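Trainee: Copied straight from Swiss-Prot:
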DOMAIN    5-70  domain 'J'
ZN_FING   145-223  zinc finger
REPEAT    158-165  repeat 'CXXCXGXG motif'
BINDING   C158, C161, C211, C214  Zn(2+) 1 binding site
REPEAT    175-182  repeat 'CXXCXGXG motif'
BINDING   C175, C178, C197, C200  Zn(2+) 2 binding site
REPEAT    197-204  repeat 'CXXCXGXG motif'
REPEAT    211-218  repeat 'CXXCXGXG motif'
Amino acid sequence: MSKRDFYEVLGVDKTADEKTLKSAYRKQAMKYHPDRNPGDAEAEAQFKVVGEAYSVLSDPNKRAAYDRMGHAAFEQGGGMGGGQGPFGGGGGAADFADIFEQVFGEAFNMGGGGGRRGGRGQAGPARGSDLRFDMEISLEDAFNGKDETIKVPTAMNCERCDGQGNEPGTELETCGTCQGAGRIRRSQGFFTMEQTCPQCGGRGQYVKTPCNDCDGVGRVRKTRTLNVTVPAGVEDGTRIRLAGEGEAGARGGPRGDLYIFISVREHEIFERDGPNLYCRTPASMVQAALGCTIQVPTIEGGKAEMKIAEGAQTGKRMRMRGKGMPRLRGGPRGDMIVELFVETPRNLCDRQKELLKEFCDLSGEGCNPDSAGFFNKVKQFWDEVTTDDGRPNAG
């Protein structure tokens, strides 16, 4: 007896993506589930065929083999190895239970980092998934702290059925295969093995009349609006945990958590290193030579006075204590380190040039000790590598 085409079994075309396959399997599995069709051998057989089709088409390798060779890929001598079958060896009810659990138990298990707790195949409540939200703020926001309103797409308990999955006014049905235990025992020779119930996926109950709003899942996708307080002192990469603000749990389980990941934008003036701030400030050649008091910007938005000593050079660093960032866990503020760079005058008029030349003529080595020392070293170097007549010294 020839087998039906797996794509035909699920009612999809050969270009169907993973989402389409899962939706089609879910629809067919609910339709032919044995607990919905008690005593119907034909429905039970079709339920297994649907599971077999999905197990092949949802696996990229098996699907590729099936597309090339059809059902022959899983028969004796086929491309998947002699006699393996689409389930890779074991086969049977446990594999259908795995598929059923994967599709129905994790229908809303998206994103975040938590996932469900308690393990597959266990009846009862399951914790919702954790969620991640990325928030970009300015350096000023990191200094002052801020309150932000965010919108987070998440799975929430269906209001119509209160997260139970069944249409209001109907009851969850006890699984007839495991009698509500969620697990069954099978004997193989001298051994007795316990496994997840293949009919209810380990829940012990099943939804006979699905809720019209959530289609029996118990959760729906919605966008939540939350108020988030970003504390002063947060750094780039800081993670803020909002307990219980993640995905809704399954079957009355607790919600997961929401994690806010902070990203601090680069600033035009300041660079940050932990609690300390760095900025570069210009000074004229005259200011640097004679010394002066200049005004430098602060992260608060104001200005602070800083004294420049006489003869300051480019690269000189000066520390302003307590003018940096607040610390997230308390304690004194960091410092602001100001780095000086001396500007060389440009676009000089003739008179300015004359004055600079006059200044240069009056300057002695004492005015430019670094330059004098450098040129003395150069002269000494040339004396060592050349002869008296200017030729390179062979020695």
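Here the Cβ of each residue, glycine as well, is placed from N, Cα and C on the backbone.
Help me picture where these features are in the structure shown.
Mentor: The average pLDDT computed over the domain 'J' (5-70) stands at 87.
When the zinc finger (145-223) is classified with DSSP, helix, strand and coil residues number 0 helix, 35 strand, 44 coil.
Within the same chain, residues at least six positions away from C161 (Zn(2+) 1 binding site) with a Cβ under 8 Å of its Cβ are E167, P168, C211, D213, C214, G218.
A C-beta separation below 8 Å, combined with a sequence spacing of at least six in one chain, links C200 (Zn(2+) 2 binding site) to D35, C175, T177, C178, G182, Y206.
The list of residues near the repeat 'CXXCXGXG motif' (211-218) in space but at least 6 beyond its ends in sequence, with Cβ under 8 angstroms from a Cβ of it, reads 30, 104, 107-108, 157-161, 163-168, 250-251.
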Trainee: Would you count the other CB atoms within 10 A of the CB of C214 (Zn(2+) 1 binding site), including those on all shown protein chains?
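Mentor: Around C214 (Zn(2+) 1 binding site), other Cβ atoms within 10 Å: 26.
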Trainee: Round to the nearest Å and give the CA-to-CA distance linking C197 (Zn(2+) 2 binding site) with C158 (Zn(2+) 1 binding site).
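Mentor: That comes out at 26 Å between the alpha carbons.
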Trainee: Near C158 (Zn(2+) 1 binding site), which residues of its chain come within a Cβ-Cβ distance under 8 Å, counting only those 6 or more away in sequence?
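Mentor: Once residues fewer than 6 apart are set aside, C158 (Zn(2+) 1 binding site) is near G165, C211, D213, C214, V217, G218, R219, V220.
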